[in-house]
Amino acid sequence: MISRTLGPELGGSIGTLFFLANIVSSALCLTGCVEGLIDNFGESGYLVPVDSYLLKDGHWWRFTYTSSLNFLNLIICLIGATLFAKTTVIIFAIVVICLVSSIISFFLKSPFQIEVPAANIFVNQTNTTAMLNYTGFSLTTFTENLGPSFGRDYTSNNIAVTFSSVFGVLFCGVTGILAGANMSGNLKNPSYSIPRGTLGGVLFTFISYITLSILAAATCSRDLLQENYVFLMPINIWPPFTSIGILTATFSASLSCLIGSSRVLEALAKDCIYGRLLQFVNYGVWRSNPVAAVLFSWLLVQLILFIGSLNLIAQLNSILFLLAYVALNLTCLGLDLTSAPNFRPSFKYFSAWTCSLGLMGSVIMMFVINPFYASTSFGLCLLLILLLHFFSPCEATEWGSISQALIFHQVRKYLLLLDPRKNHIKFWRPQMLLMVANPRSSCPTITFINDLKKSGLFVLGHVKVDKAETNLDYTDKAISSWLTLVDHVKVKAFVELTVANSVRDGLHHLIRLSGMGAMKPNTVVMGFYDDKVPLDYFTRLDSVYKTSAFQGITTNEEKFPLRLPNEEKHLSASEFVSMICDIFQMHKNICICRHFDLYNKTDIVKNIKYKYIDVWPVNFFGPSMNDAYDTSSLFMLQLSCIIKMIAVYKKHTLRVHLLNTIDIQSQRMQLKQLLSTLRIKATIHEVTEWSQIDLRTLDSDRNTYISRVNKLIKNQCAETAICFVYLPMPKEIRGSDLQNVSYLNSLTDLTNNLPPTVLVHGVSAVTSTTL
């Protein structure tokens with residue numbers, strides 16, 4: 001229940017500690033049962049004649065007795081839950097009879113004196129004739145017992161008793177109430193039986209404890225309560241009744257904890273929380289009985305029995321159970337705070353306040369009982385959470401986790417607070433929409449843009465060209481594969497898919513609808529339109545993205561099939577240019593990536609040949625003295641600074657190219673001042689070869705001019721990892737197909753044979769010096 005709500009990490013860690021709590025509780029009850037046996041049948045035992053005994057006493061004798069009882073528990077649990085249920089019914093009847101006899105005895109017994117038990121050597125050594133008073137019903141006795149006055153524990157070297165130690169021991173008497181929940185797998189109707197059985201058990205236990213406490217306080221002197229822990233036996237009309245009740249109750253509790261812990265372990269194994277580590281539990285099931293889990297639990301109980309001390313085991317047991325109760329209250333509180341519609345508790349007194357009270361009460365009492373144990377348990381829980389988060393192989397996608405509900409609740413609240421009207425340039429960050437035709441051939445680009453987003457929004461957009469009316473369920477069918485892709489490529493991205501009659505129409509859909517509220521893409525990124533054969537990074541032997549996750553049994557079942565070399569594209573050259581113009585008109589920044597089939601992040605790290613990140617702040621289709629200071633150039637500088645912040649590129653030098661013009665010294669000073677004002681650490685590199693290019697050929701012989709510019713850029717890029725180049729807009733925003741193709745050809749010639757290149761055009765200011 002906890003893991004299905006809080007998720008596998010927190011649920012698995014709490015489940016593990018709850019399993020250990022049941023193990024410790026079983027050992028505790030066995031130790032208590034043997035202590036009762038020794039007090040009754042050991043040396044100076046109450047039910048044996050003086051100077052005689054049936055059971056020898058001593059550390060290893062007690063260990064032998066507890067081990068024997070533990071082995072009996074094992075036999076019952078191996079036979080199965082049916083025998084356990086029948087056994088507990090019989091034991092319950094016996095305990096009730098013994099309890100009733102104890103209550104009746106208070107009314108039937110007259111006042112008398114009770115001897116100090118032989119086990120209390122501290123009183124017997126100082127006063128061999130000491131007697132303890134049973135006063136019968138007395139208002140004076142009741143009044144004297146109302147106030148707190150803790151004594152010393154004669155069973156533990158006469159150490160002082162405190163409220164925390166008493167609570168730690170007494171709390172163990174109520175932890176068994178939830179044992180029925182561990183057996184939910186064996187119940188016909190758990191949702192009906194568990195709450196009624198648990199609340200019924202709580203009520204019955206509460207009435208029993210309160211009744212005995214009041215009757216004992218009204219009839220027994222404080223000395224009797226402090227110096228004789230088996231005072232109920234001489235008071236009982238037939239002393240063995242008390243002995244039988246203690247022994248059967250403790251044995252029953254140890255049995256229920258052992259079988260309960262095996263069921264918790266089985267649940268951990270079924271959910272594959274610890275992977276192969278607990279696989280033996282799933283294999284060791286016989287007739288629905290988890291035999292392997294029972295044997296493993298029995299072995300752990302046997303190890304706990306070596307501790308021997310009842311009080312030490314009791315405190316540890318209480319801490320672990322309280323931690324489980326902390327998790328239960330936290331689960332219910334989280335569900336209530338997230339306002340999950342399907343969380344409709346039938347308990348009419350449930351509220352967030354009751355959960356908070358239970359949560360705080362459990363945490364406080366953990367530290368009251370034993371601060372060291374409490375801190376250690378929380379530390380162990382945190383360690384298990386981290387280990388399960390990073391190393392657990394469990395697939396819990398279908399469970400649902402309260403973390404998702406809490407995140408949704410908070411994200412919705414803060415998205416409403418994120419007002420797009422309050423956006424300010426000094427807090428600008430890139431929010432990228434990357435148009436992906438096929439992720440098989442786009443992995444390097446996806447990785448690069450993930451680095452470029454600088455903790456901003458990153459959306460992978462894809463357009464399926466088809467009739468929308470016949471593909472209304474396309475997103476539902478395809479989204480799972482795309483999310484698997486995001487996990488495989490290890491990027492922090494959202495996915496948006498659409499169906500449209502053309503890629504251009506689909507682009508309009510994605511630009512308008514991607515994101516939410518103020519978190520909308522401000523930059524659209526596309527790959528370059530060229531005739532290169534797309535590479536399959538999922539099957540290439542030298543690819544870091546190599547995987548078989550998207551392969552199908554047949555070709556038709558393969559995810560993201562690549563376009564064949566002779567297959568017609570869904571997008572024409574003219575439409576591609578029109579898309580660039582559309583993005584500009586929709587007031588979005590534009591980035592076009594080319595040659596990213598050459599991009600290898602690992603190679604950039606290892607290869608010392610890569611030294612620079614280059615920025616070319618000049619509109620080569622119409623150079624101007626002010627190009628370096630316009631919106632597109634400033635946007636390029638901002639992007640280059642962002643990529644320089646990534647660890648891979650920190651060793652690279654940011655290099656801004658300055659063309660050699662007539663007023664070169666003035667241009668250098670202005671550019672240096674700009675970089676200083678923007679606090680951009682970059683070197684200015686003068687391109688002297690620019691003087692050899694005749695600008696008059698830009699109109700008369702455009703192809704020759706662009707080819708020379710391309711050669712100039714290429715000569716400077718021998719040691720460049722990434723190149724940012726100014727993207728000029730077409731002269732005619734709604735030009736003809738011929739004009740569009742001519743513009744695209746110019747871009748192609750400009751960027752031929754360059755390293756991975758990003759063509760950039762900015763439409764709004766993105767730099768600020770006020771931070």
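Cβ coordinates are placed from backbone N, Cα and C, and glycine is handled just like the others.
The stretch that TrEMBL tags with transmembrane segment, taken from the ranges 238-260, 399-421, 491-513, 721-743, is 238-260. For the domain 'Amino acid permease/ SLC12A' (1-433), the mean pLDDT of the prediction comes to 84. Remark: secondary structure over the domain 'SLC12A transporter C-terminal' (453-531) totals 30 helix, 22 strand, 27 coil, with classes taken from DSSP.
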